[in-house]
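Chemist: My structure is below; once you've seen it, I'll send some questions.
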Ligand code: S3P
């Protein structure tokens, strides 16, 4: 089904609570399934990716009940998981696939994981290599590079590992495997990535030591059930931020948005571009969150690269779009990881924004955008990638003419009802 969007100088006003954080929602299900007792999760993201995680843990025998955005997980702990009689379907979710590899590697049973067409193309060796060093028995196409993956659970031993790619998924898979391994695991991160796993490990009672870019975890630790409060997802908020910035006379309030510093690169970027916004931190336990007020702004092009990239990796399609409306040149570099996301996001963003009239060029590790350029209606492809779908919908606000989006359903991976919510802000 194609979605057609057409606006005439829209102005956005109002308050929105964006859906729960995707990374934290996945982890809450995983940690609640590993812990003994009853874990409750509030503000859970009812997006397709996190529902895939729930379905996988149900197949391991964990009791998981959903009541609106509240999830109750009743588990006898990791030792009570059962060998699944079906393939664990991870859908479109890289986080489910990769983090679960770390968990399944240390069980005493056999399991098979597979996802959709996009998952079947995403690199898994980055996870399997360190897990194999720990003793894991994992098989898959091209020596384990691609799904479907078969895991024969076994005894694991600790490792010392320096991450070759800045990836929270790799770090997290090793940390989860390390919980069951014999000995002390030490992971070194040359560049900091999101630390939701570390925060949640402590929240569920594990002891970890974090110093100077390294994390130490002693194996054999058991987790205790906990209550998890999930803040709004800053990666989802980013699209509302972009919508307010590039439309005239807009003022949007986004309440309770996660403001973990490993995720707020988008705020650093819009500040440097000259955006008009206020941030009010809220007092919460565990993961920090804030209320954000964002207004229409005249933006300038900037250079984005280095250590900032992992702090905004999922926001780059949206940043590219706002750069088309900024004055001057925006250069995005050091972002070659975009080539192995849900789709090749460098190629896809450049192809789709070019169709609308943007002056945008792909480079090996990023893109160069000259602005401002007027945007015109076009037939936009999502490549089955939720963030490409939202980029196209936000671009429609600033475009003249009709924007058609070929597969809007994929947006539900991280932000169900995104277009309805965005439209509800239009006066
Ligand atoms: C995620 C880590 C990032 C991010 C993804 C979610 C996570 O991936 O792009 O959307 O929840 O740990 P990488 O670890 O591949 O960088």
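Don't overthink the numbers, they just go from 1 along the chain as shown.
Placement of Cβ uses the backbone N, Cα and C atoms for every residue, glycine included.
Curation plays no part in TrEMBL annotations; they are all automatic predictions.
Owing to the predicted nature of the structure, the values given are computational and were not obtained by experimental measurement.
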Chemist: So TrEMBL lists 22, 122, 169, 345, 387 for phosphoenolpyruvate; which of 94, 144, 366 goes with them?
Modeler: 94
Chemist: Measuring Cα to Cα, how many angstrom lie between residue 23 (3-phosphoshikimate binding site) and residue 345 (phosphoenolpyruvate binding site)?
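Modeler: Spelling it out, the Cα of residue 23 (3-phosphoshikimate binding site) and the Cα of residue 345 (phosphoenolpyruvate binding site) are 19 Å apart.
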Chemist: Pull out the binding-site residues from the set 22, 94, 122, 169 whose C-alpha sits within 10 Å of the C-alpha of residue 341 (3-phosphoshikimate binding site).
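Modeler: Candidates kept after distance check: 94, 122.
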Chemist: For residue 387 (phosphoenolpyruvate binding site), which of the listed binding-site residues (27, 167, 314) have their CA atom within 10 A of its CA?
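Modeler: Within 10 Å Cα-Cα: 314.
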Chemist: Could you give the maximum C-alpha to C-alpha distance in Å for the residues 22, 23, 27, 167, 169, 314, 341 that bind 3-phosphoshikimate per the record?
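Modeler: Largest Cα to Cα distance for the 3-phosphoshikimate-binding set is 19 Å.
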Chemist: Helix, strand or coil by DSSP: which one applies to residue 22 (phosphoenolpyruvate binding site)?
Modeler: helix
Chemist: Which ones in the same chain are close to residue 314 (3-phosphoshikimate binding site), with CB under 8 Å and 6+ residues apart in sequence?
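Modeler: 235, 238, 341, 387 - these are the non-local Cβ neighbours of residue 314 (3-phosphoshikimate binding site), listed in sequence order.
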Chemist: Using all protein chains shown, find which of the binding-site residues 22, 345, 387 scores highest when you count other CB atoms within 10 A of its CB.
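Modeler: Answer returned by the neighbour count: 387.
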